[in-house]
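Asks: Got a structure for you, written out below as structure tokens; questions coming shortly.
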Amino acid sequence: MNVYELNMDGLVGQTHHYAGLSSGNIASTNNALSISNPQAAARQGLEKMRQLYNMGLKQGLLPPHQRPNLNLLYQLGFKGTPSEQINKAYKTAPELLSACYSASSMWTANAATVSASVDTEDNKVHFTAANLISNLHRHQEADFSKKLLEFIFSNSDYFNHHPLLPKSMGTSDEGAANHNRLCQSHAHSGINLFVYGKKVLGNHQFEQSPIKYPARQTKEASEAIARNHLLNPERVIFACQNPLAIDQGVFHNDVISVANEHVFLVHEEAFYNQAYVLDQLREKADFPLVIIQISKEQISVSEAVDTYLFNSQLITLPDQKNMILIAPAECQANLKVKTCIDGLVADPQNPINSVYYLDLKQSMRNGGGPACLRLRVPLNDYELKAMHQGILIDNDLLDILDKWVLKYYRTELKIPDLADPQLLYECLDALDELTQILKLGSIYPFQS
């Protein structure tokens, strides 16, 4: 049976802006208060989807969340009509208004953790939407992400959805950005590598903690997901992220490593006690595992964070054994990083034989590269057929969405623009039309 890795990219919302809301995300902090271009951001994302679809990959999308989040404004004490809520928040707590307007749901690698049916005891695809409690602007996404995934993957014969993990610091979960799956091919059972930044409960004296920036994913959360998803404990590894890397801006593991099938591309300073982690992978692998370890002399952690090399997508084209690296254009612009990539492509010892550079500047300036923008969902033929078909991409749908973006999206957004109530109504009109395009029904709060 055919098994595909469906890439579900986040469609960038109309309120994409730069507010520096994410501690430990250096690009987000450095570009705070810059002027954004939501239309360009959305079109860059659509072009990414188009390129991967035209390469022969299965491609879908997750729609933007409703913004501003009026319910969150209400919870934070801003009452009245929507216009009054927005005005009060802008005057007294503009940073909270910015959080309520955040378009960060576009980074769907944080939407959930997904387990392939070939890995689970009940042979179903398992989903746990991430609670994202580390940041207010991300935490507000959790419930709607769960609702979306339950709608899109609604057939209980094939799909199993779990509740959010408890909303506590002890079970802080950031989704698939801290999960990798290594396997002979997507059709074979795999090794599930869960990466955490801290252990909260019990004895953790042998592990260090970051000092400058917070660790977001807990070991307790990763362990709970592995249990809930009915994964074989013998095929699961829990690895601690290098705290020194976190302090250099590696806020998720997908900023410092990327896996695809039997290939693991990783920086040598990605993990705490990295030699042991890689030995575990080799020991558990019943397939020819290829580990490509990039040294700090080749590329420093800081350079990896600046260019998001490891936040590239590593993909296998249909009916081919070779792989393509889908990298941000920032990698091409950095001579040292480009030289490293050229070396990877030229090396016959690994299956990566080409690279494709993407312009994702709008997302990159907020700390999100190609891998941040997609949630990987392994599906066989039956599972693919059983999911909601309206969000699956083809060129016709991409053309419709491009026209929709041109119709509704502004070409410039500054922080003071968030005080304009008209932006709210522009967003609602756009989302109302989008649900019809994607056949999602009345899924947004304002539609009920």
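Using the three backbone atoms N, Cα and C, a Cβ is placed for every residue, glycine included.
Annotated substrate binding site per Swiss-Prot: 19-28, N110, 137-138, R216, D254, N366, in sequence order, evidence recorded as sequence analysis. Per Swiss-Prot, the feature active site maps to E174, H252; the stated evidence is sequence analysis. The annotation active site, nucleophile is assigned in Swiss-Prot to C372.
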Asks: Run through A19, N110, H252, D254, C372 for me and report the recorded positions whose CA is within 10 Å of the CA of E174 (active site), in sequence order.
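Replies: Those close enough are N110, H252.
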Asks: What Cα-Cα separation, expressed in whole Å, is found between D254 (substrate binding site) and C372 (active site, nucleophile)?
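Replies: Cα-Cα, rounded: 8 Å.
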Asks: Using Cα coordinates, what distance in whole Å links N110 (substrate binding site) and C372 (active site, nucleophile)?
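Replies: That separation, Cα to Cα, works out to 8 Å.
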Asks: Between R138 (substrate binding site) and H252 (active site), how many Å separate their Cα atoms?
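Replies: Just about 14 Å between their Cα atoms.
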Asks: Suppose we draw a 10 Å sphere around the Cβ of N110 (substrate binding site). How many other Cβ atoms does it contain, all chains included?
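Replies: So the number of other Cβ atoms within 10 Å of N110 (substrate binding site) is 30.
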Asks: To which of the recorded positions A19, C372 does the lowest count of other Cβ atoms within 10 Å belong?
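Replies: Ranked by other Cβ atoms within 10 Å, the recorded positions A19, C372 bottom out at A19.
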Asks: Just to verify a number: CA distance, C372 (active site, nucleophile) to H252 (active site), in angstrom, no decimals.
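Replies: Given the Cα positions, C372 (active site, nucleophile) is 10 Å from H252 (active site).
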Asks: Which residues does H252 (active site) neighbour through Cβ under 8 Å, counting only same-chain ones at least six apart?
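Replies: Those within reach of H252 (active site), by Cβ under 8 Å and sequence separation of 6 or more, are A109, N110, E174, A177, N178, R216, Q217, C372.
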Asks: Across all the protein chains here, work out how many other Cβ atoms are within 10 Å of the Cβ of D254 (substrate binding site).
Replies: 29
